[in-house]
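Engineer: Under the heading disulfide bond, Swiss-Prot lists 5-19, 9-21, 14-26.
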């Protein structure tokens, strides 16, 4: 869906469901 999750993942993890870490931001498929 939307490529931007509005979350950063500098620590390496994303808390938003359906989002994965594409450092340094979380992205959605």
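From the backbone N, Cα and C atoms, a Cβ is placed for every residue, glycine too.
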Engineer: Could you round the CA separation between residue 5 (disulfide bond) and residue 21 (disulfide bond) to a whole angstrom and send it over?
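Structural biologist: Distance between the two Cα atoms comes out at 10 Å.
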Engineer: Between residue 14 (disulfide bond) and residue 21 (disulfide bond), find the distance joining the two CA atoms and give it rounded to the nearest Å.
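Structural biologist: With distance taken Cα to Cα, residue 21 (disulfide bond) is 6 Å from residue 14 (disulfide bond).
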Engineer: If you measure residue 9 (disulfide bond) to residue 26 (disulfide bond) at Cα, how many Å is it?
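Structural biologist: For residue 9 (disulfide bond) versus residue 26 (disulfide bond), the Cα atoms are 6 Å apart.
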Engineer: Express the distance between the Cα positions of residue 19 (disulfide bond) and residue 26 (disulfide bond) as a whole number of Å.
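Structural biologist: Pair distance, Cα basis, whole Å: 6 Å.
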Engineer: Using a 10 Å cut-off, grab the number of neighbouring Cβ atoms around the Cβ of residue 9 (disulfide bond), all chains included.
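Structural biologist: A 10 Å sphere around the Cβ of residue 9 (disulfide bond) contains 19 other Cβ atoms.
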